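Taking it in order: structure first as structure tokens, then the write-up.
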Amino acid sequence: PLEINATDSATDDDRSRNLQDLDRAALSRPLDETQQSWLLGPGEQKKKKKYVDLGCIIVSRKIFVWTVGTLLVSALLTGLITLIVKTVPRHHHRHSPPDNYTLALHKALMFFNAQRSGKLPKHNNVSWRGNSGLQDGKSDPSVLMKDLVGGYYDAGDAIKFNFPASFSMTMLSWSVIEYSAKYEAAGELNHVKEIIKWGTDYLLKTFNNTADTIDRIAAQVGIGDTSGGSSAPNDHYCWMRPEDIDYPRPVYECHSCSDLAAEMAAALASASIVFKDNKAYSQKLVHGARTLFKFARDQRGRYSAGGSDPALFYNSSSYWDEFVWGGAWLYYATGNSSYLQLATHPKLAKHAGAFWGGPDYGVLSWDNKLAGAQVLLSRLRLFLSPGYPYEEILSTFHNQTSIIMCSFLPVFTSFNRTKGGLIQLNHGRPQPLQYVVNAAFLAALYSDYLDAADTPGWYCGPNFYSTDVLREFAKTQIDYILGKNPRKMSYVVGFGNHYPKHVHHRGASIPKNKIKYNCKGGWKWRDTSKPNPNTLVGAMVAGPDKHDGFRDVRTNYNYTEPTLAGNAGLVAALVALSGDKATGIDKNTIFSA
């Protein structure tokens, strides 16, 4: 009855008449109560039934009040519950605090920032360091490579040794290739890549990296020989901040240095995989690695032969292990099977000592990379299994890797342990920790390899051991270094409350106070019993003796000196143990070439 049917063409008068007709038609029928309420005033209604007019619908006031009330109470309850949920601490969904390994990893990487030579980047974050070694290469007229600015100082001195520095970069690159997700989770992936690039940029300067054939490498900058009572200023005789050095820094060139060239090739090849997304830089690294490896193979000889300065500090025992190691890395970086043929050549393996034991068998260090190469090539067999003609030697390497892992376990007596539980991989000689961290890395990594290959463990003779046993070995050793030892001493500076305060390190022991101390002027800072004015955050010192004893004395470098190679192994072991075990290794990136 309320519809208005009027055509568009109707005039206003027509519409008006139609409406009046409709009104009369409507009123000619009895009205219901609702309709009456529209027409009658409040006083005229017989019964007062309360309604609420919402425009489009009419509802009973009672229903309206109940509905609005229910909605308000619901909203209030929802708000209250949300508030409680937001304010009460949630234990299940919040990220657990970082574990000790992650916390130590942040610090261990900072050591590399403190060791940088050259013009420092703005974000170096070590307040007491500045630009140094800006004349390196230029000050020695006899050398071909004039720009040797950059790189890393080796330890507590200001010498740049390519041999251990290259090994350090290889170890860091290996850890990034396997555990980039863990570095990412710790927020350190970009940092560690910067550290590697600082090292590889320098290594590229130490030979003619654009050539296909070379005849020399600048192997070392600075000298440390103080034998024979010489008082000529050099990097070991003087105790100065690197920023203040004013004495000449000779460059040591080598012309037959297979061990050094093959190790540098390994460093550049492994880094090329880390930087594979930066095509131009990655190819530059690969080209340099190929050139170096060719030089290593063509001009045979040890870089530290004949009583040279490197022989006093980083004497290489042989170059055969570097041939296997460098060949394996070049195969991964290039996919060229000629490198794999070389790395798996039985004669090469024999010369490298793969088929005989010896007291140091299975110990990975800056000098001997055989154990690392065997693990690296076992990886190839586990995940790619290239078959004939490589299978025989790869299965030998795989078996030997199993034996090495057995030798790390307390059940076997290949290596003694201190009463506090530290494995004596260097048989009680000083500076043990650099070998321990490398072993911890290999053990954690190999256990992750087995997990990724869905293999629950491995055999030592007739006995089967689970991969957890290997991980546990790695953890107990790193825990010892971080403070779980009889002295309750953390051997990583800045980690925990009790750590060495008299680190053997020139830059850390001399205050940055605008006073320039000359060669001998700094001796008072070397000899003082006061703690270092600057904290060398993340430095892993040389370590305790075979009785778990430790002397926090600056002049005793066998206890208190840190090194690049030691910290590289520490970083690798820490990242392998950090975060969630389920993250595991990156199975495929290493095979991308």
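Keep in mind that glycine also has a Cβ here, set from the backbone N, Cα and C atoms.
Because TrEMBL annotations are produced automatically, they should be read as predictions rather than curated entries.
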Transmembrane segment per TrEMBL, picked from 63-85, 247-269, is residues 63-85
Whole-number mean pLDDT, the domain 'Glycoside hydrolase family 9' (101-574), equals 96
Note: in the chain of His504 (active site), residues six or more apart in sequence with C-beta under 8 angstroms of its C-beta are Ala155, Gly156, Val541, Arg554, Thr555, Asn556, Tyr557, Thr560, Glu561, Pro562
With neighbours defined as other CB atoms within 10 A, the best-packed of the active-site residues Asp552, Glu561 is Glu561
